[in-house]
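Have a look at the structure below, then the notes.
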Amino acid sequence: MGPIEERLDVDDEEIPFSSSQATEVGALHFESSHCVPHANMSNSWFLRKIRISPFRSIYVVLMKAKINVLLPFGPLAILLHYLTGKHGWVFFFSLLGIAPLAERLGYATEQLAFYTGPTAGGLLNATFGNATEMIISVYALKNGMIRVVQQSLLGSILSNMLLVLGCAFFTGGIVHYPKVQVFNKAAAVVNSGLLLMAVMGILFPAVLHFTHTEVHFGDSELSLSRFSSCVMLVAYASYLFFQLKSQPNLCSAIDDGARETTAEVCDEEEAPEITHWEAIGWLAILTLWVSILSGYLVDAIQGASDSSHIPVAFISVILLPIVGNAAEHASAIMFAMKDKLDITLGVAIGSSTQIAMFVIPFCVVVGWAMGQRMDLNFQLFETATLFIAVLVVAFMLQEGTSNYFKGLMLTLCYLIVAASFFVHVDKSTG
C-alpha cells in the first residue's frame, strides 16, 4: 500500500502519464484552475483514480495514442470477411487495423525495456522491433506463400532505406535549412556493412540458381540459403553484442559532451508509464491480436490483387510495408525535424539491418523447421533492386551529413522502385 499512498499524495503537476505530455496537461490544469475550480477538482480526482486503477494501463495503451483511432478497423475487417467476402476491403481494413497494433507493440517493448536494463532491452528490441513482419511472415510460411514472405520482407527493407530515410532527410533539411545536419558516421558505416553482407547472402543463391551451376539442382541453393542464414544470425548476434557492449564507449569517446547532455535530457524526459507485468501482458495480448489479424490479411492478398488488378508483387513489396510501418515512418521523420538524426537512422537503417540480418534468416530457419523450402533466392529482379538500393544508401551515408537534396534523391529512387514493381510480373508464382 506504500506506493499507492505515495501516488495519492503527488501534486497535480506530477499527474501526467508521461513527461512528454506534462506541458500540455499542465497548461490545461493552469487554465482550469483559474476558470472552473470545481471541474479542476473532479478532473484531478479522475486522473488520480485512473493512475492507481488497473484501467490506467488500458487508457495508456489503447486510448492515449492518436493512431489508436484505427483499432476498430481490425474487427471490421473480420466482420467483412464473414459477411461479404470482399477480399479487397478485408485486405485494406486489415492493413489499417494492423498499423496501430505494430506501433503499440513497439511501445510495450520500450516500456518493458525500462525494467530489464540496457542489454536485455536491446535483445527485446531486436526480437519485437519487427514483430509484426515476423508474425505475418510465419503465417504466410505456414500457408506455403514463400514469395509473399520474401517480397514483403524485401519491401520493408526498401521502404525503410529509401522512403523513410529519404522523407526524414528531406523534411529535416527543409526545417533546418541552411544548416547541414550531422549524424554518427561510425554507426552508419557499420549498418551499411551489415546490409551489404545481407545482400551477399541473398545474391549468391540467386546467382547459383540462374547460372545453373548447382551440384544438385534445387537442393544446393536451399542448403546454401540455410547455411548462410545461420551465419547471418551469428553475425547479427555479434553485432548486438558489439552495439550493447563496445559501441556506447566508442560513441561517448567521439562526442562525449554532446552525448552526455542528450543522455541527461533523456533521463529527465523518459519514465515507464506501465508496470513490468502490464508490459508483458500487453505484449502477449497485442501479439495474439496481430497474429489473428495477420491471418485474414494474408488470406485476402490474392483476392485483393485480382479484384483491384494490382500485382501481388506490388502489394507485398510496396503496400504492406508502407501501411504496416506507418507509425515507425512518422517517428523517424519527427526525430529528423528535431535534429536527432542518430535516432532517425536507428529507426530507418537500424530496422532495415534488423530485417535483413535477423528476420529473413529467422524465416529461413523457421521454414526449415516447418518443412517449407524457404530460401534466400529472391529472384533476379528483387535481388538486383536490393543490391542497387543498398549501394545508393551506403554512398549517401558515407559523409555523415544529410540535407534535403539527399532526401529528395532517396525518395525519388523509391518511386522508381515502386513503379518497377507495379509493372513487374512475378513468374515464379505462376
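In case you wondered, yes, glycine gets a Cβ from its N, Cα and C as well.
So that you can see what the record holds, here are the features copied from TrEMBL:
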- 89-244: domain 'Sodium/calcium exchanger membrane region' (DOMAIN)
- 279-421: domain 'Sodium/calcium exchanger membrane region' (DOMAIN)
- 58-83: transmembrane segment (TRANSMEM)
- 89-107: transmembrane segment (TRANSMEM)
- 153-177: transmembrane segment (TRANSMEM)
- 189-211: transmembrane segment (TRANSMEM)
- 223-242: transmembrane segment (TRANSMEM)
- 279-298: transmembrane segment (TRANSMEM)
- 310-337: transmembrane segment (TRANSMEM)
- 343-368: transmembrane segment (TRANSMEM)
- 380-398: transmembrane segment (TRANSMEM)
- 404-425: transmembrane segment (TRANSMEM)
Inset, instruction - May I ask which of the stretches 58-83, 189-211, 279-298, 343-368, 404-425 has the most CB pairs under 8 A with the transmembrane segment (223-242)? - result: 343-368
Legend entry - Counts of helix, strand and coil residues, the domain 'Sodium/calcium exchanger membrane region' (279-421), according to DSSP: 121 helix, 2 strand, 20 coil
Inset, instruction - With a Cβ cut-off under 8 Å, give me the same-chain residues at least six positions beyond the ends of the transmembrane segment (310-337) that come close to it. - result: 67, 91, 95-96, 98-100, 102-103, 106, 132-133, 136, 147-148, 151-152, 154-156, 158-160, 163-165, 167-169, 171-172, 175, 181, 301-302, 304, 343-344, 347-348, 351, 382, 417-418, 421-426, 429
Inset, instruction - Might you confirm whether the transmembrane segment (58-83) is in contact with the transmembrane segment (89-107), defined here as three or more C-beta pairs under 8 A between residues 6 or more apart in sequence? - result: yes
Inset, instruction - Mind checking which residues of the chain, 6+ beyond the ends of the transmembrane segment (189-211), have their Cβ under 8 Å from one of its Cβ atoms? - result: 157, 161, 220-221, 224-225, 228-229, 231-232, 235-236, 239, 242, 247, 345, 349-350, 352-353, 356-357, 360-361, 375-380, 383, 386-387, 390, 393-394, 397-398
Legend entry - Contact set, same chain, for the transmembrane segment (58-83): CB under 8 Å, 6 or more residues outside the stretch: 17, 50, 89-90, 93-94, 96-101, 103-104, 107-108, 273-274, 282, 289, 292-293, 296-297, 299-300, 326-327
